[in-house]
There are 2 protein chains.
Amino acid sequence: MLKIKCTISYDGTNFHGYQVQPDKRTVQQEIEHALEKIHKGEKIHIHASGRTDTGVHAKGQTIHFETNLDIPGNSWRKALNALLPSDVYVTHAEIVSNDFHARYNVVEKEYRYFLLNTKNPDVFRRNHVYHFPYKLDIEAIQEACRYLEGTHDFTTFSSAKATVKGDKVRTLYEVSCNQDNGQIEFIFRGSGFLYNMVRILVGTLIDVGQGKISPPDIGTLLEAKDRKYAGKTAPAQGLFLWRVSY
Amino acid sequence: MLKIKCTISYDGTNFHGYQVQPDKRTVQQEIEHALEKIHKGEKIHIHASGRTDTGVHAKGQTIHFETNLDIPGNSWRKALNALLPSDVYVTHAEIVSNDFHARYNVVEKEYRYFLLNTKNPDVFRRNHVYHFPYKLDIEAIQEACRYLEGTHDFTTFSSAKATVKGDKVRTLYEVSCNQDNGQIEFIFRGSGFLYNMVRILVGTLIDVGQGKISPPDIGTLLEAKDRKYAGKTAPAQGLFLWRVSY
């Protein structure tokens with residue numbers, strides 16, 4: 001058996017998220033369907049670095065699978081792209097050692113969130129950016145970002161529905177916010193993320209930008225360990241799983 | 001009666017073009033449907049600067065309609081946007097004089113065409129750019145653009161199916177091509193355009209970029225006045241009606 005690692009990009013707009021669900025179009029189902037064709041009907045199970053929700057995009061999701069076929073890495077890329085629909089694309093494929101695991105070997109994940117902070121929405125980017133037409137204090141948001149970096153218990157910033165095993169302590173290596181011509185880009189790099197964590201962080205940072213929360217309040221929010229003190233969950237369409245490092 | 005002029009932006013991806021067709025989702029139908037609601041069931045007919053085909057986008061299409069309602073221009077913008085789906089947006093609305101006509105008063109139209117000239121496609125822009133992964137000689141294309149500017153009979157560059165009345169002489173004020181980081185942008189500004197003209201021009205300029213046609217051949221092609229000598233019709237998704245001037 002050979003193990004294949006693929007980096008994939010997908011537009012989450014027309015998917016019910018990453019993970020297979022009965023009677024729903026999902027990214028995992030499309031890829032497994034293409035692999036089944038390549039394997040002449042044999043079902044192949046893929047493993048991802050993690051799920052993404054309905055409407056969330058990936059620029060660099062990572063998956064792996066095992067195969068009996070002896071095909072070079074780049075040919076996997078071409079074979080899969082020839083079969084996949086136009087909203088999923090394999091940007092890289094390679095043969096990896098048998099101890100590689102797309103989920104368990106993750107060292108760092110990077111998410112980006114895009115906000116369009118202009119009066120008018122942009123019809124061409126409506127599925128890839130969150131249009132927020134109100135005034136935001138970017139410097140206050142940037143100050144709040146500093147309070148989020150480092151190792152913290154992120155219970156406040158994870159969905160109350162989360163069923164994660166173990167503690168909710170995670171380390172964020174980078175939390176940044178930059179504005180360019182009406183577009184605001186948030187970058188989150190960390191050891192791991194809880195369910196809905198990035199979207200709740202963005203929702204809370206928007207509250208900071210509107211003056212509803214002061215930057216130092218972020219420390220108090222972290223200490224509270226209660227979802228109800230954080231801001232709203234920002235909409236899915238602005239979120240991109242940007243990169244997974246191993 | 002008041003006459004209202006609106007500048008509208010739409011993502012053509014999920015429309016069967018601009019013009020009303022039975023049982024098809026079109027831009028005109030969506031706007032007329034919204035106007036009918038505002039007018040409590042009265043049917044309002046809108047007039048555009050011209051049609052756009054299935055999959056073609058508009059950043060600045062212009063329409064007009066007549067109304068008995070005495071509402072200020074900007075309130076029309078808000079009322080329509082509140083009712084329109086997320087892939088059509090009114091960027092500007094104003095009351096204009098009764099002799100204004102969105103089609104007959106056009107002084108200049110600008111189209112832009114976007115080509116992604118990179119090895120890999122971009123899943124996020126697949127509906128807004130034509131992915132062309134082969135090498136192109138941009139300087140040759142730019143030289144060919146010079147032969148297209150000015151007043152010419154554009155029969156060679158219009159669909160053989162065109163049913164336009166009168167001659168096919170048009171004046172192009174600007175034909176340009178610029179490359180930036182793998183993206184190629186074509187700009188066409190002119191007095192008027194024939195059916196499929198921009199897409200056939202782009203298809204032919206791609207042939208120039210691949211060395212199939214030399215820049216001075218463009219003059220010969222214009223003189224031939226025969227569609228069969230021009231290049232392929234470039235795909236709809238790269239084309240944007242950018243601006244209409246009155």
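Including glycine, each Cβ sits where the backbone N, Cα and C put it.
Per TrEMBL, these features apply:
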| type | residues | note |
| --- | --- | --- |
| ACT_SITE | A:ASP53 | active site, nucleophile |
| BINDING | A:TYR111 | substrate binding site |
| DOMAIN | A:9-105 | domain 'Pseudouridine synthase I TruA alpha/beta' |
| DOMAIN | A:144-246 | domain 'Pseudouridine synthase I TruA alpha/beta' |
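Of all Cβ atoms in the protein chains displayed, 24 besides its own lie within 10 Å of the Cβ of A:TYR111 (substrate binding site). Just so you know, the Cβ of A:ASP53 (active site, nucleophile) picks up 17 other Cβ atoms within 10 Å once every protein chain is counted. A separation of roughly 13 Å, to the nearest angstrom, links the Cα atoms of the residue listed as 'substrate binding site' and the residue listed as 'active site, nucleophile'. For the domain 'Pseudouridine synthase I TruA alpha/beta' (A:144-246), the model's pLDDT averages out at 95. Annotation note: A:TYR111 (substrate binding site) sits in a strand segment as assigned by DSSP. Summarised by DSSP class, the composition of the domain 'Pseudouridine synthase I TruA alpha/beta' (A:9-105) is 26 helix, 24 strand, 47 coil. Per-class residue totals from DSSP over the domain 'Pseudouridine synthase I TruA alpha/beta' (A:144-246), listed helix then strand then coil: 35 helix, 31 strand, 37 coil.
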